[in-house]
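Novice: Please read through the structure below; I'll follow up with questions.
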Amino acid sequence: MAADGGRAALPCAFSPKSQQFLALCAQDGRLRIWNTDSKTLQQEYVPSAHLSAACTCVTWGPCRAVQDVPQRKKRKCEAGSAAEQSDLLALGTAAGSVLIYSTVKGDLHCTLDGGHSGPVNSVQWHPDDSVLYSGSDDTHIAEWDLQKGKVSCKWKADRSAVSSLCISPDGKLLLSAGMTIKMWNLETKEMYRKFTGHSTMVTTLCFATTRPPDSNGMYFLSGAAHDRLLSVWQVRSDGKDKNSVVSFTLTDEPQHIDLQTSNRKDEAMRLAVVCKDGQLHLFEHFLNGICKKPLSPVCSLQVSTMKGDSPVPVPLLAAALCSDRQNLMLAYGNHLQPVMETTPFNTSERHACLVRDVHATLSLSVDTAVSKVKTPIVNQKSKVLIPGLPGHKAPIKVSPNEAEKRKKGATTTEMSIEERLEQIELSASGKGAAKGSSSLQTDSFAVLLVQGLESKDEKILNKIFQTKKDALIKNTVSRLPPPAILPLLEELSRRLQGHPYAALLIVQWFKAVLTQHASYLSSLPDLMSQLGSIYHMIESRVKLYQQLNKLHGKLYLLITQVAASNSNQRVDDVDRTAKLVYEEESSDEDEGSGDEGRPEDDSDNWEEDETSMEVTEDKENHKEEDEDEEEEDMNDESKANGDPENESEEE
């Protein structure tokens, strides 16, 4: 039996017993069923939601008639075509639904919805009844009744997600695993045992024996993510089964497991494990109790192909042990077209390497029953009209009259690129432009920019890159298709090496491209080489920015100091001038002559100067007398002193 691998691995499984078919869910969400005998693609099914809800696990069901599974209304021709050898497939999806697919009908029978609210991680069929079990990220296990197409029972199995399921050969016990392994009684839905020993998520569960647990002969094995050991557990009747009894060493975490169970104590269990690194390890062991040391593989197998003179390893996808116990069924190579091979294995060789020419076998061979397109048988004398292939169009023959008409019409209707540029007004439009014209202008910008990048027309590119509107640049860049992003970056990097004034406008385009198309640029593998030159150019331009900034600060400080000293000198000059000028009342004689205060007029005013001198002397005498008198006399004498004008008039 084949167990599901980890989440990183592609879900795949060989059909039981005969290994005649290989079901493989590829990364594109398609289910492909390959015939291992003819090495051809037998069937292909594309789920309706294969992009949004990819298949997470796949399991082959027991061989039974088609009537056991609910299906759509049959046609009359399909009513009696049920075969006992028909195999059913159960597909778990990331949307929480389970798809039931029939290889005989080549179509979907039914979809089981409403059981889970998270992705389905594992699906297992019951060996006898038409019952299906599924485990999901919602921590629940759902039991599906395939006759009704509904959930018959649902219970919570773990605190974390249920990552793997496995049913015992007698159909009475169910193993579920997340961070811990639990064994459930399917009749009562109660937990029978609990096993703890893995530190990571358990991704693989397999029963190794068919004996009942009462005889202490029931064993199962488990594998976890990022764990290079496969653990074997013994289900004991006394309940003393906390630790694993046997462990197998691997080179990497298990991806696909197939084993041949042990029915008796004297019969060895055979195990084939495909690891994540693409190697295959074979084990043989008699399960009869505890083995303290980890067991090494009996044989390790690696497939390689020659590339030049050196071998290159080819990863294995899945492996199955044939019923004759002497051969191995291998599937390796690309998941789109795996190479299938049946090879004998020799346990006497500890390490085996199969050198295969993988490239010679990668010729896609599809079974004729799969293809629905029939190639018609065409007579050699007949002519078939088909649409022209891109890049291989036949020339259209035009009559001379029609050619002249087209030339005349072209002169009147067709417009040159320059006229288009003038018509849509690539220069900044007025503020009162309508919203519709702005959107039309943006669309025209994007179309012309793509045309200019393809034709490398400098005239168009110069007109477009001269725009200064930030909103127009953003809208234009957002309307560009992804194939035009890299040519635009190359053109911008070329223009960035030009004049610094042009670089100011180019930087705005760079900013718009990096913000609008960041998701597309991050998906490019050679992004470093594309943006590395641009980064170095910008780095070289701003290398002297700090030094220039310091120089600018020093110059600004000197200029402000010089300006401050000049302003202080101006203030001193203003202070030297008189802020208030007092002029005495002039006599009638002096009114005629408008020149007062000149030196030649001083001779006429000697008497006034003498009187003023006498007034000052009288003031000083009064001050000395006032110091000896009382306060009341001071008030009277202050009144007597009065204005100097009055004293001069009295004198």
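Cβ coordinates are placed from backbone N, Cα and C, and glycine is handled just like the others.
Copying in the features that TrEMBL gives for the protein in this structure:
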{"type": "COMPBIAS", "residues": "583-615", "note": "compositional bias 'Acidic residues'"}
{"type": "COMPBIAS", "residues": "625-635", "note": "compositional bias 'Acidic residues'"}
{"type": "DOMAIN", "residues": "84-164", "note": "domain 'Anaphase-promoting complex subunit 4-like WD40'"}
{"type": "DOMAIN", "residues": "457-558", "note": "domain 'Small-subunit processome Utp12'"}
{"type": "REGION", "residues": "395-416", "note": "region 'Disordered'"}
{"type": "REGION", "residues": "582-651", "note": "region 'Disordered'"}
{"type": "REPEAT", "residues": "113-154", "note": "repeat 'WD'"}
Novice: Should anything in the same chain at least six residues away from the repeat 'WD' (113-154) have a Cβ under 8 Å from its Cβ atoms, list it; otherwise answer none.
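Specialist: Same-chain contacts beyond the ends: 4, 7, 56-62, 64, 68-70, 88, 90-98, 100, 160-167, 169-171, 174, 176, 178, 184, 189.
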Novice: So what's the average pLDDT for the domain 'Anaphase-promoting complex subunit 4-like WD40' (84-164)?
Specialist: 88
Novice: DSSP helix, strand and coil counts for the repeat 'WD' (113-154)?
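Specialist: Per DSSP, the residues of the repeat 'WD' (113-154) fall into 0 helix, 23 strand, 19 coil.
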